[in-house]
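What follows is one structure encoded as structure tokens, with my remarks underneath.
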Amino acid sequence: SSNRTGSSPLIFILTGIPSLPISSCWMALPLCCLYLLMLLGNCTLLWMIKTDHSLHTPMYYFLSMLSVADLGLSLSTLPTMLAIFWFESTSLRFEACIVQMYFIHSFSVIESGVLVAMAFDRFVAICYPLRYASVLTSSLVTKAGGAIFMRGICVVLPVAVLIKKMPFCRPRVLSHSFCLHQDMLRLVCGDVRVSSLYGLTAVILTKGLDSLTILLSYIMIIRAISSIVSQEAQAKAFSTCISHLCAVLIFYIPLIGLSIIHRFGKRLPPLTHTLLADAYLLVPPVLNPLVYSWKTKQTRRRILILLCWRG
């Protein structure tokens, strides 16, 4: 087995949804609606933040980074998803599969990093409200954003380089409508220990540490909120974190579920793997703008009340 036989290109076959006909409009139409909703929601959110000068604060700068990551994550899967369900085209060249895999995992790491930055923003706003402006300066936000994007770009690059050099067995059928590292790795004919170990290490050092950092931030936030005497003030303080908590849950719950079933759910039906992977990549970009758009006015008002109360 090898990557190429003679001069013929290496081709992967993508899978739609098990037990559902590829050409089914019952899947194609909702899928298009989801992508349109994602584009409309995230672009509207970016436009609001750009045009409304009252939103030119660290919280909303981080929110704009989250929207960019959501757009990148969704647009990475868009070509193959639409090709499968609209045009019944399931084949994808090896090079294109690697590019798609790289962008999916890069934007996923970026989104995880942005969620950490947003948790730090909430921590400073609630625990040290009077120092908020001096701690989260424009320079710090810019540097943090650059570091988050560079981390996503650099951490995933070795994954793509390692898998590009590996031989693949036949049949080269992937389990999803897009290319994921774990899915491609199971089709390799050679030794995958280095690539698998690096992939696992990268996940632990990025999303693993990110989730622990977010958890630690909220432990300190809860301690700070519990020290407030007034229950009404406690409720208002905690309500400023609701949008971020929703974003964290809708990102990490499908991610954790997908990681668990990839390693321990070999006997589960293929539909379970497919639905969790689709939820991991499609649900956060659709729901994040809805959650934050709904909470924008309430959040701003409650932050101002909290700052006045703590002052």
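Here, residue 1 is simply the first one shown, and the rest follow in order.
Every residue gets a Cβ built from N, Cα and C, even glycine.
Annotated transmembrane segment per TrEMBL: 12-40, 60-87, 99-120, 140-163, 241-261, 273-292, in sequence order. The annotation domain 'G-protein coupled receptors family 1 profile' is assigned in TrEMBL to 41-292.
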When counting Cβ pairs under 8 Å to the transmembrane segment (241-261), the leader among 60-87, 99-120, 140-163: 99-120
Per-residue pLDDT averaged over the domain 'G-protein coupled receptors family 1 profile' (41-292), given as an integer: 88
